[in-house]
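S.K.: Sharing the record's features from Swiss-Prot:
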type     : residues : note
COMPBIAS : 40-50    : compositional bias 'Basic residues'
DOMAIN   : 62-159   : domain 'Ig-like C2-type 1'
CARBOHYD : N132     : N-linked glycosylation site
CARBOHYD : N219     : N-linked glycosylation site
REGION   : 22-64    : region 'Disordered'
SIGNAL   : 1-21     : signal peptide
Amino acid sequence: MKVWLLLGLLLVHEALEDVTGQHLPKNKRPKEPGENRIKPTNKKVKPKIPKMKDRDSANSAPKTQSIMMQVLDKGRFQKPAATLSLLAGQTVELRCKGSRIGWSYPAYLDTFKDSRLSVKQNERYGQLTLVNSTSADTGEFSCWVQLCSGYICRKDEAKTGSTYIFFTEKGELFVPSPSYFDVVYLNPDRQAVVPCRVTVLSAKVTLHREFPAKEIPANGTDIVYDMKRGFVYLQPHSEHQGVVYCRAEAGGRSQISVKYQLLYVAVPSGPPSTTILASSNKVKSGDDISVLCTVLGEPDVEVEFTWIFPGQKDERPVTIQDTWRLIHRGLGHTTRISQSVITVEDFETIDAGYYICTAQNLQGQTTVATTVEFS
């Protein structure tokens, strides 16, 4: 009996050693409590690419929203096209949505404070009305929403509207000009425009030189035609100067515009080129003294002068006179000479010192000075 008992114990012991001595197969490990039981997979997954529509909508800038409507008869409305052709005499009414609307329209209407034009602001829209229209009213009409903070307003570029209106009038192919002869200055550093604008959208317009008589081609390189502006000289130079005119043809009719004198500008744009000169730098008591400030510049650029002089604090009476004229410097080059002269009579001790002249134009200002001594 003991033998069988011992034999049974030996068999149980060997069985336990077999169980505890087993090794886990490769790539296997016991799972930890709470571990994810989902088996890993080697399946490739393509990254999700957003649709083109989604990406474009995220990256694109906000589109400009047209806020302009044209009022038709019987209370009908329509969005105006980029260009409109209307008969002269018709009434035009434009409305733009917004509680604060800014307007732009042909300068002709603003220059003469024309009573035919009415601009009103209603609670929800701005309103522009033009009655008894003429061919001279041809041009761009535009509006925009104003974003205001107190008294400071700026244009909302995303909410605008515009239309260019041709007012066709019998016998008028060109937008009328206030004169029979005009001057166009050719600056080497900016475009020049011969303002031959027509009143008929379909009109064919050509540019001509008076002498020698020939057509000047608008080749798209040196000269282009813009129906809203006229003939544009992209890079003016001295060979372009001379007398030119435009010819328009439409509906079997033809018409010639006013003439334009093209003058080349010798002085480039920039702050005034200024010099100062005194009639004498040493003055005796009782004598008169004049100080001259001179600017050479572009023919169509105005210059403003200001003076600082020794007797200014004592309210010393002086005479200041400003003048300008055009001078021709050969080969058709034209320059504007602007001058300001300050004159002091009966020179006294308080008049001695620095005479300072400041000349200013749209590009900047220049200050020059000279000394006048008492002798």
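Every residue, even glycine, has its Cβ placed from backbone N, Cα and C.
Where in this structure would I find these features, and how exposed are they?
M.R.: A 10 Å cutoff on Cβ-Cβ distances gives N132 (N-linked glycosylation site) a total of 12 other Cβ atoms nearby, all chains included. Under the DSSP three-state reduction, N132 (N-linked glycosylation site) is assigned to coil, being neither helix nor strand.
Within 10 Å of the C-beta of N219 (N-linked glycosylation site) we count 8 further C-beta atoms, all protein chains included.
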S.K.: To the nearest Å, how far is the Cα of N132 (N-linked glycosylation site) from the Cα of N219 (N-linked glycosylation site)?
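M.R.: It is 38 Å, counting Cα to Cα.
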S.K.: By DSSP assignment, list the helix, strand and coil residue numbers for the domain 'Ig-like C2-type 1' (62-159), in that order.
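M.R.: In the domain 'Ig-like C2-type 1' (62-159), the DSSP-based counts are 11 helix, 53 strand, 34 coil.
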S.K.: If you average per-residue pLDDT over the domain 'Ig-like C2-type 1' (62-159), what number do you get?
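M.R.: So the average pLDDT across the domain 'Ig-like C2-type 1' (62-159) works out to 88.
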